[in-house]
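Written below as structure tokens is the structure these notes are about.
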Amino acid sequence: MAKGEGAESGSATGLLPTGILQAGERPAQKEPKKKQQLSICNKLCYAVGGAPYQVTGCALGFFLQIYLLDVAQVDPFYASIILFVGRAWDAFTDPLVGFCISKSSWTRLGRLMPWIIFSTPLAIIAYFLIWFVPDFPQVQALWYLFFYCLFETLVTCFHVPYSALTMFISTEQSERDSATAYRMTVEVLGTVLGTAIQGQIIGQADIPCLQDPNGSAVTLEGANRTHSTTSLRKTQNAYLLAAGVIASIYVVCAVILVLGVREQREPYETQQAEPMSFLRGLRLVMSHGPYIKLIAGFLFTSLAFMLVEGNFALFCTYTLGFRNEFQNLLLAIMLSATLTIPLWQWFLTQFGKKTAVYVGISSAVPFLILVAVMESNLIITYVVAVAAGISVAAAFLLPWSMLPDVIDDFHLKHPNSHGTEPIFFSFYVFFTKFASGFSLGISTLSLDFAGYQTRGCSQPAGVRFTLKMLVTMAPIALILLGLLLFKLYPIDEEKRRQNKKALQALREEASSSGCSDTDSTELASIL
């Protein structure tokens, strides 16, 4: 096995019951125990599994709003309903799937992998149909609402067990942190792929717009409409091509994850007689102080970045006037974020995760202010985009790096409460998605009230001002509020080290306790 980050290596002897060890192989009592270690291949296979969610989520987050308004030509009011209900339903399915996973039994593939395997083919079909324009405009809004909700349900069946898998690939904090860094790098790379594929393919199409949506001359209007219809069909086909490419990436990444990763059960978990009920586990999770404080802090900071994501394409197109450049600006942001993930991983190991939160996420504020006050300038916008990607990297990495620390703290306080990991991950995502769906619905509705003109080459001043507020001032306020709330989060580096030692002692005690021969055989086969 290759050595990973940190000097904390591992061995299965510290996890197996003593009855399994051969005579003479029992480690000396004072000899430091080697710790379990993941190979680079294991970490990469695990990390690749995060790409499907990010590739599809990035394409939907950045492009679905402008697609519904300008390509599918859905009324802005109905588009706001689709975006809000879709995100709200997506949020609702997270705890629902978490509940179902908590009731799942362990199989030869594990408890989480079957969900990933069976949801993948259905998810890619639903994703493709989101970007298809049906020939019956009367029920167009229902079409997009149904397939958007269906896809979000299926991708939740992939992502919730994948997120919970963090706790089952290793029992070591350092290995989980290292695997999380690999995962975040690949996930940000996934956003780059989603941005590049969707943006560059769409950018090759002649996205139609109307200089005068109301039309003044009958002959000119007819000519414009003929050309516009042809261009619109070309744009629709470009969206379908991008959807096909992204769906292919989804399948390849899912296959690599399933073949390259194995779930592991905690030694003390195998000694539990019955799993905890979902409702009791939910009550315990929601009463765990560090978890609530972590959610409160990252809820607002994540909401800020999602608000920028949802309105960025419209902001670049109509407020900054870069109709043919927004996909390249998105690519600059995501490339910058990908390259700086290792930097933030190094920073949090040197200075602690809470310090990384304050430095990383607050660094977005000056650039958002600059965007708000500057005139439309393409070079400055690219500089701001590259700099903003640094903060985006921190926003990607830190929440998922800190959540396992909260779960470790919970296990110490409730050592008999196993099977709660999906609850932690699913409700964390639930609150974030519900809030983001609400914000996107409100922002699209605000554009409708401001007088948004579908397929217009330009927009009224009220629409441009609204977009500027949604992309700059509102996210700044949300970031500052989130950082203030995050001061209440109690798990610092000293607390993490104490929890790590206590958990290791708990595992060693469970491993050396009197397990039956059957339990020992089962545990050995799992490891």
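For all residues, glycine too, the Cβ spot is worked out from N, Cα and C.
Heads up, TrEMBL stuff is auto-annotated, nobody curated it.
Features as listed in TrEMBL:
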{"type": "TRANSMEM", "residues": "112-133", "note": "transmembrane segment"}
{"type": "TRANSMEM", "residues": "145-169", "note": "transmembrane segment"}
{"type": "TRANSMEM", "residues": "238-261", "note": "transmembrane segment"}
{"type": "TRANSMEM", "residues": "291-317", "note": "transmembrane segment"}
{"type": "TRANSMEM", "residues": "329-349", "note": "transmembrane segment"}
{"type": "TRANSMEM", "residues": "355-373", "note": "transmembrane segment"}
{"type": "TRANSMEM", "residues": "380-403", "note": "transmembrane segment"}
{"type": "TRANSMEM", "residues": "423-447", "note": "transmembrane segment"}
{"type": "TRANSMEM", "residues": "467-489", "note": "transmembrane segment"}
Which sequence positions outside the transmembrane segment (467-489), separated from its termini by at least 6 residues, show Cβ-Cβ distances below 8 Å to it?
290, 293-294, 296-305, 307-308, 311-312, 314-315, 318-319, 354, 357-358, 361-362, 364-365, 368-369, 371-372, 443, 446-447
Chain residues in Cβ proximity to the transmembrane segment (238-261) (below 8 Å; excluding those fewer than six residues from its ends, i.e. six or more beyond):
41-42, 44-46, 48-49, 51-52, 55-56, 59, 63, 67, 71, 109, 113, 116-117, 120-121, 123-124, 127-128, 130-132, 158, 162, 165, 169, 193-194, 197-198, 201-202, 204-205
So, does the transmembrane segment (291-317) come close enough to the transmembrane segment (380-403) to give 3+ Cβ pairs below 8 Å, pairs being at least 6 apart in sequence?
yes
Beyond the flanks of the transmembrane segment (291-317) by 6 or more, those residues with Cβ under 8 Å of it:
58, 61-63, 65-66, 69, 83, 285, 323, 325-326, 329-330, 357, 361, 364, 368, 392, 395, 398-399, 402-403, 406, 410, 424, 427-428, 431-432, 435-436, 439-440, 443, 447, 467-468, 470-471, 474-476, 478-479, 481-483, 485-486, 488-490
Apart from its near flanks, which chain residues at least 6 from the ends of the transmembrane segment (423-447) lie with a Cβ under 8 angstroms of it?
65, 76-77, 79-81, 83-88, 90-92, 94-95, 97-99, 101-102, 159-160, 163-164, 166, 278, 281-282, 285-286, 291, 294-295, 298-299, 302-303, 306-307, 310-311, 314, 399, 403, 406-407, 410, 463, 466-467, 470
